[in-house]
Structure formats: C-alpha cells, structure tokens
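Accompanying notes for the structure given below.
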Amino acid sequence: MFAIYKSTLLLLPLILILLITPQVSSFLQPIQPPISPQVALIEDKARLGSTPPSCHNRCNNCHPCMAIQVPTLPTRSRFTRVNPFSGGFVRPPSSLTTVLDQYSNYKPMGWKCHCNGHFYNP
C-alpha cells in the first residue's frame with residue numbers, strides 16, 4: 001500500500017507540471033495587436049524587389065513552368081532625333097556614352113516563365 005501511495009506522490013507533481021506548462025508558456029508569449037490592412041499594404045509596398053509572376057498556363061502545357069529572373073535589355077535608343085520634322089537621326093557623342101556606360105552598374109532584371117529550355121512571357 002505504501003508503494004502505491006509513493007508512486008502516486010511522484011506522479012501527481014509531474015502531471016501538474018505537464019498541465020500547467022502550456023498555460024504558462026502562452027502567458028509568456030508577447031501579444032501582438034492585429035495588423036490593419038493599411039499597415040499591411042504599406043509593408044508590401046516598402047519591400048524591395050518584385051514578386052514572381054504566376055506562370056500558371058503560360059508555358060503551352062509544358063511542366064514544370066517556373067518563374068525565373070532574367071536580365072532585361074536596355075530600352076534607351078542610341079540614336080536621338082535631330083529634328084522631329086526632318087526625320088533625321090544622329091548618334092550621340094561617343095565620349096558621353098562611354099562615360100555613362102563606364103560608371104553604370106545598374107543591371108535591370110525582369111521575370112520570364114521557363115520550361116524545358118524555353119522562355120515564355122508571364
């Protein structure tokens with residue numbers, strides 16, 4: 001009878017600790033107020049970079065169709081119009097172009113959908 005009483009005394013504190021521990025740990029976690037939609041929108045706009053587009057049904061039934069980042073080609077023209085009415089074009093001075101290209105480290109990236117070595121527009 002003493003053995004049953006002794007084992008009960010050992011199990012009772014263990015059971016109490018197991019029952020109380022989840023409740024205590026829930027009190028220790030910091031409670032954060034709910035985020036308003038305006039704050040969430042500002043946080044999304046403040047994030048750098050862009051998010052990948054959905055490539056669902058973009059690769060002509062090729063699977064897996066995945067969004068990847070690819071370098072984009074510069075869109076600026078190397079020729080400028082002299083007179084809009086004359087239709088003539090002139091190349092800008094090469095020294096100006098060289099200076100601008102020399103110090104430019106901007107490498108624009110864009111998104112494409114990729115599947116089996118082929119690229120598709122998202």
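Backbone N, Cα and C atoms are what each Cβ position is placed from, and that goes for glycine too.
Of the cysteines Cys62, Cys113, only one is given by Swiss-Prot as the disulfide partner of Cys55: Cys113.
Counting Cβ atoms from all protein chains shown, Cys59 (disulfide bond) has 19 others lying within 10 Å of its own Cβ.
Listed disulfide-bonded residues: Cys65, Cys113. The one with the lowest count of other Cβ atoms within 10 Å of its Cβ is Cys65.
Cα spacing between Cys62 (disulfide bond) and Cys55 (disulfide bond): 11 Å, rounded to the nearest whole number. The DSSP secondary structure for Cys113 (disulfide bond) is strand.
Ranking the disulfide-bonded residues Cys55, Cys62, Cys115 by other CB atoms within 10 A of the CB puts Cys62 at the bottom.
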